[in-house]
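Novice: Okay, here's the structure, questions in a sec.
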């Protein structure tokens, strides 16, 4: 994956590029609006940029001023703004101006990667990429779960639950979200039907040795992680 | 007001009272000197005074309206001990005489109705007496007294009358002084009220100087000048803090990214934890600075959703440490006027503390109560009683040695105070429980 980093802080840019490089992401770096414009109008645009990381405070102006020109490109890459904390107005302005997401400095590399994954996937067919956790593979297109090559057969609702948990693997999925996702309007879910679905799913995953743990968080929801 | 603080009105009352008592005493003592129709013979004057005082109550009238002697025990004793004493009393019409026998045929009454006895045996003193029969003229002869007896009799009489006058004066003084002082010091009280209402985050701190008495004005003016200097210094310090926190973020951001290159997983994870602490601290300092501005950008937020989100964000950390997280809300929604990021930092600080100090495989609960309060509780060893009062002080680490300690809880409290909310440590008997009480949501 190749991205463009627009950031005037040299050391920050260097550290960020090194961190991305370790993840196989090539970040081209420019330090000003002028350089960014030049890069976008030049050969770089043709190489298929997957995303732009854009600092707001640049020596020659506001990073946002880049956005209108960017929208003119045939395949405009998604933009993640790098903002300062507490500048709520800045954040809102950025999203209004057409940025796809924002990240508050300082941030962890993992957080940046997660945002990058989300914005780049959004541009493709959302939800179509296969997901993997533990020893389990999930194919959203065919809605099939595999463990080490063999199909794991699951009832409809448990499959839906699994998909939801996998999409937010490592993070909590709130009960309300799960209930509205797996129950239609005609069902009247009682609070323990969700729990019984989850415990059945848990048992099946354990039987198949899928290597997935579903953690319950009382009053919050559930979280799936690799064991 | 602390005991022993001098009261202006009390001092004035005492001072003025002492002055008046001295004056009255001086008037009494110099009375014989100021009597103009008497020889300056203190002893005979005293004796006559005494005789007059004893005689006066005994002068009455009979049924016919004439002056009559109604002997009192004091007069009887006096007459018995002084056989030479005589008196003549007149109301202008009649004469009444008593004491040692006199030859009444040779009396002369002068134009003023004063009886001049025919044979003045010994000394005679004319005087006016106030008696039950009214004012009468009197001539007293051969009144005698020892110096001590005369003095004590006279002083007792005068002081008694003086005392009554003094008490009346003192009551008058007290009334005038208390009311006067209260009235005059009203502007001072207004200045004190203004001073009491001053908040450190307030701008343009100034005490009202209108109507403050000239004697006290220098104090109020000097206080105002001092406040202005303090405010200036405070603003400077705040700017410095904001800049420092702001400047810290770039190196922290670089550090966070460089840590990614640490090959040792366990070490990297530990260092990343440290960076998270550092980030939290810098962020909270910035939050605080932002909230202490004149007009922070408040939002109306649902505390239930917000605190649940923060708790959910901490879930991976909790599960890593083998801890359990519980969220319970008695309310479906709880609206507060708040700063989103600042409040999130506060919760992640408190929940992070609970995860760190809650002991192994602990349970951390976030609970929202119907009374607009939120609790973050763990089941750890709790906070030792000896540091309980101090945990909200800056750099008071106590048991909370770890993430969020040091400046953490001090900033948490300040951020909450900026929201009008209070935080305190609850006595639960098991684990630490922090309780935050939010005020009714004010208009934005």
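Placement of Cβ uses the backbone N, Cα and C atoms for every residue, glycine included.
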Novice: Have a look at B:159-185, B:186-212, B:213-239, B:240-266 and point to the one annotated transmembrane segment in TrEMBL.
Specialist: B:159-185
Novice: Could you tell me what the rest of the chain brings near the transmembrane segment (B:159-185), counting residues at least six beyond its ends with Cβ under 8 Å?
Specialist: 8-9, 12-13, 16-17, 20-21, 24-25, 27-28, 213, 216
Novice: Determine how many residues of the domain 'HAMP' (B:182-235) DSSP places in helix, in strand and in coil.
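Specialist: Looking at the domain 'HAMP' (B:182-235) with DSSP, the answer is 34 helix, 0 strand, 20 coil.
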